[in-house]
Amino acid sequence: MKDVIYITGHKNPDSDSICAALAYAEFKNKTQDTPAIPVRLGNVSQETQYILDYFGVEAPQFLETVKLKVEDLEMDKIAPLAPEVSLKMAWNIMRDKNLKSIPVADGNNHLLGMLSTSNITATYMDIWDSNILAKSATSLDNILDTLSAEAQNINEERKVFPGKVVVAAMQAESLKEFISEGDIAIAGDRAEIQAELIELKVSLLIVTGGHTPSKEIIELAKKNNITVITTPHDSFTASRLIVQSLPVDYVMTKDNLVAVSTDDLVEDVKVTMSETRYSNYPVIDENNKVVGSIARFHLISTHKKKVIQVDHNERGQSVHGLEDAEVLEIIDHHRVADIQTGNPIYFRNEPLGSTSTIVAKRFFENGIRPSREAAGLLCGAIISDTLLFKSPTCTPQDVKMCRKLAEIAGIVPETFAKEMFKAGTSLKGKSIEEIFNADFKPFTIEGVKVGVAQVNTMDIEGFMPLKGEMLDYMNQKAESMGLEMIMLLLTDIINEGSQILVAGRSPEIAEEAFKVKLEDSTTFLPGVLSRKKQVVPPLTQIITTRVSK
């Protein structure tokens, strides 16, 4: 498995989550050898896209899970066999590479079958079928290679040999009893036998013992269009070896193949292997092309993926499969929740307005100047998370760091913020689902599940005609997720307050937390701009009180 570190923000990523991951990846790549890859767990918001576009930075790649996939394994990178390859060549390859089976693929590398040692041995151990070369359409090239033979005369019109294999170990006058037209005859150096076989119109004459037929025999073969080859092996050895010239597609397993995909989870492949008994399994990619094979030992010698979490520490907000990964670091500015790691980690949690402030501090504490792009991303994220220093979560450190980064990025925070918020708060063309889920976070407080979404907008009134439809969606989401209460904050940065919409089984939780009375499931909360500092704490207090009663 490639040794990399994934740096990820939370699900439904906001600007701080995306920008902190990108910038921290730059920091890690400047301070360590192991490559750090920034990733995201959801779509990029309009606001975040504005920041990325302004500084010419690509969005991080999407990461579905950190559970191990087949593509993460050190699989055997073995070129599949072509279907026409001889058993002899296949056996040599498998012996040299210590393989018990090998994939067979067509010219486009699409899987045709699997050739195993048991397929090959069965060909030898089964009752001899003298017509096997005809049935398998064995080529002359395979026969020449297998017998280390040389061609003395070739019938170019005949691609395969239709008859049975016969060792001509009898008198010339007895040949008619055993030889039919089109047969493959193995003979020694007796000219009268060779001539009689040609007259009987065999399709292939194999002369053994390293003997070269006379000119008269060759001329007779040319006249009758008979292919003649010579081999250094004796007749017994030639008859024993010739079966090795069969093409692998004749003996390979074609039906009920069990292949795995590079995108399959290792845990699912383990189940597949427990239910089957193959020694190796072909691996195919998204284009159905063979890329290698794996065996059971590949699943045993696996390593966990390495992850650094930024802007979150709750498992429910993190990447799928986190429990199967190795968390190396957590950089966050939220409450400490249900983190649990197998080893000691670098855990940095500070009560600041933005995780990006902490990431920026990491640069300067280590004497590293962030690039213009990284500085711009961090600056934009701080502006976003602190609502241009208006959020109660904002600290003097956030303001100082933002202005320091702005100098490197070559922007004026106030001017940049105006355009950024304008781009980010537009709800035009968005569906109810897109609006709500753009920045939605679930929380579990004393066993009670709640969810809070937040949308920054400069036009709360323009949204209100959608209120009924939004509340219906919120109730559906609360029921499907088992949430006791669900809330949407429509935050007006300019007027410094939030209109809240509340749904779920227990909307009174919000009323008690904010000491308000909901009218038609909504009310305005003056001065409330921060979900983290002004919404989650009062919700936590009320729920804790209710549970303890």
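The backbone N, Cα and C atoms fix where each Cβ goes, glycine too.
In the record from Swiss-Prot, residues S116, T117, S118, N119, T253, V258, Y278, S279, N280 bind AMP; the candidate from K97, K100, K135, K289 listed for the same site is K100. Long-range C-beta contacts of T117 (AMP binding site), restricted to its own chain and to partners at least six residues apart, with a cutoff below 8 Å, comprise M94, K100, S101. For the domain 'CBS 1' (74-130), the model's pLDDT averages out at 89. Around S279 (AMP binding site), taking its Cβ as the centre, 14 other Cβ atoms fall within 10 Å, counting all chains. Listed in sequence order, T272, T276, Y278, Y281 are the same-chain residues at least 6 apart in sequence whose CB falls under 8 Å from the CB of V258 (AMP binding site). In sequence order, V251, M252, T253 constitute the residues six or more apart from N119 (AMP binding site) in its chain with CB-CB distances below 8 Å. Around the Cβ of K100 (AMP binding site), 12 further Cβ atoms fall within 10 Å across all displayed protein chains.
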